């Protein structure tokens, strides 16, 4: 060996190590000869390592690739310093390396290179270069690329019920004539080359086509777009390789399983994506090294081998990526989601990046990866990717919204895109030269990236014109693009594009021709392990379902108790049929929950499917297989509870045959609802259509209508209903038992026994063969449904696309923009012109300037289970530690810190938005203790997550906020003017009619949504404004617009504090003061910034060891770098302690002390009312909002009416004219069944469909409630009232259809009774749905509860078992069941006064209809008044429970 191996794995000369050893010996008084014995042992260790390496090289290639040598520390003898410096070489199985050992290996290698990623990568590269192995390179070209879309424009693009109807009709007409949609050009004849080993920065304003270009270059453009032109990788078109595996697209949308930890998420992506050609490259490397007699560094060798191990659940690549992206501190924290607390937004963005970096792709297209990151973190990540690009020959195109100068300088090439044109594509060094040739220059202390994004804007361009001798004129984007073609960089690019790429130079490993990273079997194993993990994390849900089934089983077994179940005559069969049907419906409804589970996981599945993580069928098959044990458990639970207690046929064989029937029924139900979820893909549509399918298979299942009574045109429905076969299997198994072999005395049925007589009367199979035929049919249905489910997963795309409304008149927009150009210039330049004064006029509504001081704030949460598992013994985790500060009127304060420092947490604590945890400390509002009720009235909070009602337009959202949050003293006209001015300030006036939509699915882009969030708070005219990441997700120009708005707000005397991640120099220096936090929620600076941040810089430069800031460097970035945890470790100081012992801290404490005393003459804030508007105005405003929202929600309301029409037509044709032909009790039973199904299934569809609608609005409600906008009861009233209006229309439509088609008697009282009961039923179903969402933590839990409730209501509706036959101990449930009252009301109003005579099966006598109903069903016509009152009662009860849940329960955890 050439040198000693230190604990870090680095080498040093024997001479230096010997000298150091001798010096220590003399210093410590040790015996130098004893030290030489230790040195001898080190020599022996080196010899052992060499022997092991020689043995390793003799192994076959496969075994050699799986073995490596690791050094492990051993006792070096003695008790001095050198005792710990000896190592033993151990041969290890790399393929089965323990995760802990893998992390230790990585830490040693990283420590050896002193955390310098580039040196670490160089060691990889040097090893390859040493034996002449060339890394693959990819050159991406795009030529004459055009992308366009067909769009509606103006208000015609809004998805109102009217427009949705017109679109449907237009779609049908367009099959014959051309559509009137307009062509929207997204990319316009763009050309360029993305070169390997060069970092390319893609810049451009929002909606310029950046994401579209990136998706097109990775072979994943939106299928609705028309793409023309040519895209090649190394001269090869997409048909010659798999672009999804060759390149990686990092989306700007963060889609992850919220229940998985960060490490698990990256481990899964690494496992699926595989190592590509790295294994073959490493095999060739080891072969060449062996032939050349080269011995590599054992630790580097082991690390490289560990990175190419495939199919394992844990991989060292994950640890490398975690460390490179700074995610190692949260590696074992769950990712989290909307309702589950997890990692921060910035960390989530890094997980999205890391997910793609774990794979083998060397062409990376990264879309806005810095959103939510601080500038220091962004710089570190981009620097790492730059090192990968330069050292490993990667090809990278990255778009960033606000790259600071130091990050911008890391890139080699710049692509500037605007309005679909490429304005510049070439070296970074030449781009300013290009714009100067056009007359525009970047000012000093202005970031170049910010300049580039503003100089193409009509409103911002003039300020950069520097040719004073020439009069300025607007230079359009198209003109810039033409000028670039004449510029020397553009001409060079054209020449390069004219020379085709030489395909023969393509590295064999550059382009991937293998579709997936793993074999099909390995993919299945990977997906199954992930799905099993998710099932365990959601174990509460499955336990709850089992408990729910247990309760339903208990109800069923006591409802049909064997002591009340005789089996001696034909009429006794009805109760057994009721028990079987109740069981069957319970099993079917139990499978309904699969619909929600399937749809919830689809977005993540689609992302991973499209990136070729795994074949779609492996995901589907994993879900199918993992639900088999669930079916076994639930079927076993049900039959054990019910079989013998109910008193079914006692033979053991029949017990197991019934179990088999339930098992395959459950499997069939799961397969059916999985299929519906995969096909329909929207929860609203799936719930509606799912209930319709359930209705069809139930309607034709042989219980509601027997086979002989089904109309000829519907008989196919009978034979294709899976439930018919389930019914047959259960009935044949029961009624062919020996105890039913009693002779049949009914001459009208030619069957020897009452068991067979019953089967024959229902049209069921009458032999034992019927059971096995039915089981076979159910298995067949299950297989067909599962195959179709796999096909749906494979071929269907996600529904919805991100889009906004295009202006109806582009020319008009341009003229308006031109007229505003001069005015905006004045605002930008901060002049005192009339426009600037006008822009602030809306901000001078009366308000009270207020200060906010806080002292010694601490915040704790319960210790997460993941951290407890790692050995943390504390019961609480401290997120904020002893934070003190003050925010004052007219002072703009920046709250800055690295990701996870606690910025949002502090803001939530101060704003009173925390719903969990323990808060300690003192908060004063202008000297008085803060009261949250009052504080909500005078403060605004712009949340980091932009939460808005998706079905409102931009204008409607802002008007609604102003309506409820401005004082009632502000008249309507003033309010309207104020709204217009706020919209103009944040430049939303051109988007006034744009639909807000759902993030990443439809509607506004990220930056448009951010501006809407700010506008919604600004129209409240608050005294104190909190803004959480107001510029996150915005480009430099939009961020400047927002900050100008904020500055204007501060200048009116308001108190404003903003958290901010990656401010540019000009944005950072627009702040007056800074509160800087470090990880752990501790303050390291609180004070003024000063001119050009001079005060801040002087403070840090005065700390010993802190490097001076270089000229032109961004102070925000410098500040974060010099105060980072790495800097603290290097300087061996704690910046929080430095601050706590500083004069600055003491002066801040003095300021807090001053602000803790009320100013002279200032009274504590109080308002005569809790809310700005009275209750009536709140109700009016909320009702207006809900009407607007419902009108623009066709997936819910249009589908509701379409399904009502379908339900009505199905019932009408199945029970055609039954109301006119009542001759026997069977006819009456058929009508009873029709009424029961008509009420129950459409009502249940309403209930289920409304769940996601109310759930989305509840998230918005939580924000509005925290803002103190209105009383929760006014919200409850508005949503209930609007839903009732739509339900009433639905009830009228439904009543007219089925009343006329079934043939009920046309009498006014009977018709209006029917109409009332239908409208009331729909009302209580929808109100119950709203109540469930308000009273449960998640939509998923609500959906699970629905199946329990519907099963219970079904059992006690009075149809499966009539009220007189219900055991006395359960009759209260019948009266508590709203569905039973509706069936009572409909049947009693239609027939309980009828004197018709009907025949009774099995008896020779006849009965009058009203007597039969009273004796057998318990229905009396005289009782109708009470039935009407009961419906009013249920509507009122469910409404008040909904109001209670909304008012008193809060399931949002913050």
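Glycine is treated like the rest: Cβ placed from N, Cα and C.
Database features, via Swiss-Prot:
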- 23-47: region 'Disordered' (REGION)
- 25-44: compositional bias 'Basic and acidic residues' (COMPBIAS)
- 540-560: transmembrane segment (TRANSMEM)
- 577-597: transmembrane segment (TRANSMEM)
- 613-630: transmembrane segment (TRANSMEM)
- 637-656: transmembrane segment (TRANSMEM)
- 659-679: transmembrane segment (TRANSMEM)
- 684-704: transmembrane segment (TRANSMEM)
- 775-795: transmembrane segment (TRANSMEM)
- 804-823: region 'Disordered' (REGION)
- 852-1104: domain 'ABC transporter 2' (DOMAIN)
- 1236-1256: transmembrane segment (TRANSMEM)
- 1314-1334: transmembrane segment (TRANSMEM)
- 1341-1361: transmembrane segment (TRANSMEM)
- 1372-1392: transmembrane segment (TRANSMEM)
- 1423-1443: transmembrane segment (TRANSMEM)
Mind looking up the mean pLDDT for the domain 'ABC transporter 2' (852-1104) in the predicted model?
-> 86
The transmembrane segment (659-679) vs the transmembrane segment (1341-1361): three or more C-beta pairs under 8 Å (separation of 6 or more)?
-> no
Criterion met for the transmembrane segment (577-597) and the transmembrane segment (1314-1334) (at least three Cβ pairs under 8 Å) | no
Range from 613-630, 1314-1334, 1423-1443 with most C-beta pairs under 8 A to the transmembrane segment (1236-1256) | 1314-1334
Cβ-Cβ under 8 Å with the transmembrane segment (637-656): same-chain residues at least 6 beyond its ends = 546, 549-550, 553-554, 556-558, 560-562, 565, 567, 576, 579, 583, 586-587, 662, 733-734, 737-740
Going through 613-630, 1341-1361, 1423-1443 one by one, which has the most CB pairs that fall under 8 Å from the transmembrane segment (1314-1334)?
-> 1423-1443
Could you tell me what the rest of the chain brings near the transmembrane segment (775-795), counting residues at least six beyond its ends with Cβ under 8 Å?
-> 605, 609, 615-617, 619-621, 624, 660-661, 664-665, 667-668, 671-672, 674-675, 678-679, 722, 725-726, 729
Same chain, outside the transmembrane segment (613-630) by at least 6, Cβ under 8 Å from its Cβ: which residues?
-> 269, 272-273, 516-518, 520, 523-524, 526-528, 530-532, 535, 542, 594, 598, 605, 667, 670-671, 674, 678, 786, 789-790, 793-794
